[in-house]
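Working notes, structure below.
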Ligand code: NDP
């Protein structure tokens, strides 16, 4: 904490992992001897750069760009880019740190990284977003490569931004290097199911947690925070599996629609028109919009936080439990505060931490890289089947690892230990580098 002052999100992410590793370090004294913990907490590289761009009126703006290559023991750096005004080095380091373990438990050959900028795409025209992305990539490109570092999307970076970023990379490098970025449009070397993968994968993970408890998603009342990429496709899969989704949100407020959210309306408002979620209520008169509301106060059986970090605190967790919630699947990264996680564990509800539950996104990015490397394009059905198998395997691995260390219902222990173990073994093999 002294070496990384002011980076509270990063401190929180590291603490949450390190606290669970005691039994592994006990079993493997060689990890301490080779200072694996100290090494794993220090990013391999951190790049910070200026991103100048001009708005539609010709005014010049300066943003700050980041790319943190956290760990490349298992493969090239891999992790998304976040464009949000709240982004600072601590955000990128927390996300990069989480990504190391998440990527490891997918079993794919991927290192961990994250990047982004304190740029706010909200309210910006397509041309402004294009100029920003081009300026961002004009610096970032020299640090990327399909064997070096492969970014993707995250908050504020969707299909449009990936298009502009890849276009500029291709232009500067004179190479059509598809495998340098994932989340591309399937029309130009992207993978089907990548857009849906994080949300679908998270619903699959919740389904697996419920199966262990001899239960199912079918017929359950669900709430999903956010209304971006992860939230929309989490809702889509929940609906396909027979659940009823009654609420979603954005950073301004919450929509509560007891008869069931109309996903087509959310998709049009958010993916095409780029509007606010409050507009949903003007189209569906029986839905209620709660400006600045707390979505976790709405009764449900399954809760899926799919917006941002620390959006679900201890009070909200206790409210969910009191309202009869039986399962939580984290589509977002670190959305539940430590107090909230403790409450879920005490209540013994099925709690799937983001590191495991939202790993379907990066796993499908690895499938996109496979298709790029073999100049192939898989069908939607085949790719979704692969995603479902991967989520089943991740669940199994977390469950078994947690059981080995004393508590099969604790997926936090399961995901942290199994991810750490893989990375630590590779780091040991490579010597002191
Ligand atoms: P999007 O930008 O598509 O959507 C984000 C959603 O969350 C929006 O509805 C947004 O509302 C809301 N949101 C963002 N910041 C805040 C905030 N500070 N307070 C309240 N609401 C907020 O991003 P994604 O759906 O891609 O990402 C959502 C989460 O999932 C993030 O935690 C991300 O790290 C994680 N994730 C994403 C993956 C992916 O493949 N995209 C993979 C794995 C994890 P508004 O529009 O008002 O800002």
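The backbone N, Cα and C atoms fix where each Cβ goes, glycine too.
Please treat TrEMBL annotations as automatic predictions, because they have not gone through curation.
As the structure is a computational prediction, the values presented were derived from the model and not from experiment.
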Per TrEMBL, which of 22, 153, 156, 158 sits in the substrate site along with 78, 99, 102, 365?
153
What is the nearest of the binding-site residues 78, 102, 198, 229 to residue 114 (active site, proton donor), using the Cα of each?
78
Those recorded positions in 102, 114, 154, 198, 229, 365 whose CB falls under 6 A of ligand 1, listed in sequence order:
154, 198, 229
Rounded Cα distance, in Å, between residue 99 (substrate binding site) and residue 154 (site 'Important for catalysis') is 12
Between the Cα atoms of residue 78 (substrate binding site) and residue 229 (NAD(+) binding site), find the distance and write it as a whole number of Å.
19
